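*Asks:* Pasting a structure here, questions to come.
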């Protein structure tokens with residue numbers, strides 16, 4: 001059973017090597033052909049991840065199958081570092097996404113989102129002008145507010161009917177004004193401002209221009225964080241499974257190193 005560890009490590013890393021090829025290729029393709037800032041945002045991480053997996057997989061395959069001890073030691077160090085990084089990120093993801101949720105509004109199906117309800121770390125990230133400029137660009141390029149207008153216009157003739165739509169966090173936070181504003185409903189993304197002063201600063205930020213809408217509102221930032229929370233929690237759950245797999249592979253690699261050491265000792269003898 002122990003002697004099989006070298007072969008198992010080699011086989012597993014061969015599949016990892018095959019997996020790294022489409023990841024690396026996709027990153028290079030996005031770098032050369034990406035048309036939007038959102039697409040180009042993923043090219044460098046995908047290239048880095050693909051190259052990392054390829055190098056580590058090659059070290060695992062050659063080290064285990066060819067009995068190259070120093071490559072296996074390198075592989076073990078990288079695997080141990082990966083386990084620590086994945087564990088830390090998983091804990092961090094659960095901690096920063098543990099706070100905040102949408103606010104239920106009486107008489108409305110959709111929820112509204114307040115930036116102050118979420119963790120301070122996430123608030124600082126979205127309040128950074130440089131970060132939010134890139135995020136805002138991605139949100140606009142995705143044109144989900146245009147889709148809301150297209151599929152909902154003509155179906156909902158007043159604010160009461162519109163309140164029955166189950167909007168997601170981004171649609172609620174970025175595509176319409178806050179319920180605090182009491183604006184006049186025209187269409188899902190067109191609302192006329194009423195006169196008076198507003199306690200909620202988002203009311204002054206709102207603009208019916210589809211390039212502006214509420215993309216710079218605090219509610220839009222809160223909606224983005226709420227959407228991010230869902231994704232991060234899912235990633236954190238997947239990471240737990242991935243962490244178990246990493247530990248198993250790491251244990252097998254340790255056995256492979258022991259096999260190499262025993263073989264070298266026997267050869268010397």
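Residue numbering: from 1, along the chain as shown.
Cβ from N, Cα, C; glycine included.
Remember, predicted model here, so these are calculated numbers, not experimental data.
Below, the features straight out of TrEMBL:
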TRANSMEM  12-34  transmembrane segment
TRANSMEM  46-64  transmembrane segment
TRANSMEM  70-96  transmembrane segment
TRANSMEM  234-253  transmembrane segment
*Asks:* At a threshold of under 8 Å on Cβ distances, which of 12-34, 70-96, 234-253 pairs most often with the transmembrane segment (46-64)?
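*Replies:* Highest pair count goes to 12-34.
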*Asks:* Residues of the same chain, at least six outside the transmembrane segment (12-34), with any C-beta under 8 angstroms of its C-beta?
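*Replies:* Non-local partners: 40, 42-51, 53-54, 56-61, 64, 249, 252.
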*Asks:* For the transmembrane segment (70-96), what are the same-chain contacts with Cβ under 8 Å, counting residues 6+ beyond its ends?
*Replies:* 56, 59-60, 62-64, 119, 121-122, 232-233, 235-236, 239-240, 242-243, 246-247, 249-250, 253-254, 256-257, 260
